[in-house]
Amino acid sequence: MNIHEYQAKAVLKSFGVPVSKGVPVVKAEEAEAAARQLPGPLWVVKSQIHAGGRGKGKFKEAKAGDKGGVRLAKSVDEVKEFAEQMLGSTLVTIQTGPAGKQVNRLYIEDGSDISRELYLSALVDRTTSRVSFVASTEGGMDIEEVAHKTPEKLHTISVDPATGIMPHHGRALAEALDLQGDLAKSAAKLLGQLFTAFVSTDMEMLEINPLIVTKSGELRCLDAKVSFDNNALFRHPDIAELRDETEEDAKEIEASKYDLNYITLDGTIGCMVNGAGLAMATMDIIKLYGEAPANFLDVGGGATKEKVTAAFKIITADPNVKGILVNIFGGIMRCDVIAEGVIAAVKDVGLQVPLVVRLEGTNVELGKKIIRDSGLNVIPADDLDDAAQKVVAAVKAAKG
Ligand code: ADP
Ligand code: MG
């Protein structure tokens with residue numbers, strides 16, 4: 001689960017991490033009031049969307065100008081002006097895709113006097129089973145380019161979970177960031193705070209870019225991107241509350257309500273399958289015959305008719321879906337339950353695209369009979385190969 005910058009900063013602050021003062025707002029008038037609470041003389045108006053690259057992003061609307069999604073304001077009036085322009089506008093960054101994301105919230109932050117911009121991130125390294133930090137002196141808005149062109153400027157510091165942060169990690173970080181004296185000590189302290197925050201809230205990823213050295217010689221986190229391990233969210237109800245569903249894929253949210261394992265993909269064939277292994281095989285064979293899956297969907301072992309109906313509706317609601325393949329191996333799952341779920345969904349929302357159904361296993365004859373008797377325009381298939389070819393052919397024919 002991803003959260004906004006202002007939320008990430010609040011989480012980090014609770015672990016003692018140095019961040020700037022700021023106020024999240026959803027209206028331009030609030031932005032003005034927020035700016036008055038901050039000392040000035042510099043303010044920063046920051047778009048809050050679940051995507052990075054905001055500073056170099058561009059708004060689609062002309063009113064928001066082409067100055068990007070993070071703007072420095074020199075007066076309270078300017079804060080208000082920028083807020084009016086940015087709120088409700090659509091920001092396109094390298095991470096949003098061409099459709100961009102609507103900015104519904106801003107973070108009004110105290111402006112910092114920046115002397116240096118550094119980079120520091122942490123992630124769970126699956127090969128070493130440890131938390132690894134990545135540090136670089138080349139922080140700021142071009143870190144992707146640094147990673148690409150001069151990877152030797154990124155330094156990795158891996159932390160053994162049995163020992164946690166040791167003094168040598170702090171020294172390694174100070175060296176990687178080229179910090180001396182008090183700043184080196186601050187870096188070591190920050191590393192400990194970030195590690196504690198990371199582990200105790202079950203973060204998956206933490207990125208501070210930039211971590212700055214201020215003109216007065218302090219370290220401060222000026223940007224924060226955090227994501228949490230969904231499988232551990234049950235342990236952190238306070239963090240689960242930070243979820244902003246408007247930033248997430250609506251289909252995935254709907255699917256999670258029904259406990260369906262659903263992921264949106266960018267192909268044309270909607271898949272309804274039981275079991276992750278069969279779902280992967282189904283996606284593979286669709287690719288083999290020249291089309292791509294529009295989603296991964298595992299309805300699970302003991303799905304009810306309601307769950308199947310919900311799953312089918314999620315698939316049909318996706319405008320990218322040009323054909324549907326239902327591929328069920330009835331073990332614990334019964335083929336008649338699948339058939340009833342599909343029919344209930346079609347009765348509710350109709351069926352605009354070709355539907356290929358391949359059923360096998362428990363109650364298969366009953367399942368097939370239910371579909372035959374329903375009068376639905378279903379293309380039946382006998383095995384997976386046959387099913388994949390039929391749905392690909394139907395989609396290709398519809399495309400013309
Ligand atoms: P993004 O990474 O999405 O572009 P950042 O929060 O990193 O957004 O902001 C982009 C740039 O804006 C930073 O690299 C920094 O130079 C500047 N900036 C961000 N916040 C502040 C602040 N509080 N004071 C001064 N400059 C800031
Ligand atoms: Mg940044």
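Cβ coordinates are placed from backbone N, Cα and C, and glycine is handled just like the others.
TrEMBL annotates GLY331, ILE332, MET333 as substrate-binding residues; of ASN274, ASN295, ASN377, the candidate listed for that same site is ASN274.
For the pair SER112 (ATP binding site) and ASP223 (Mg(2+) binding site), the Cα-Cα distance reads 12 Å. Of all the binding-site residues in the record (ASN274, GLY331, ILE332), the one with the smallest CA separation from GLY55 (ATP binding site) is ASN274.
Taking Cβ-Cβ distances under 8 Å and a sequence separation of 6 or more, the neighbours of ASN274 (substrate binding site) in its chain are ASP298, VAL299, GLY300, GLY301, ALA303, ILE328, PHE329, MET333, ILE338. Other than ASN274, GLY331, ILE332, MET333, the residues of this chain whose Cβ falls within 8 Å of the Cβ centroid of the substrate site are, in sequence order, GLY275, GLY300, GLY301, GLY302, ALA303, ILE328, PHE329, GLY330, ARG334, GLY361, THR362.
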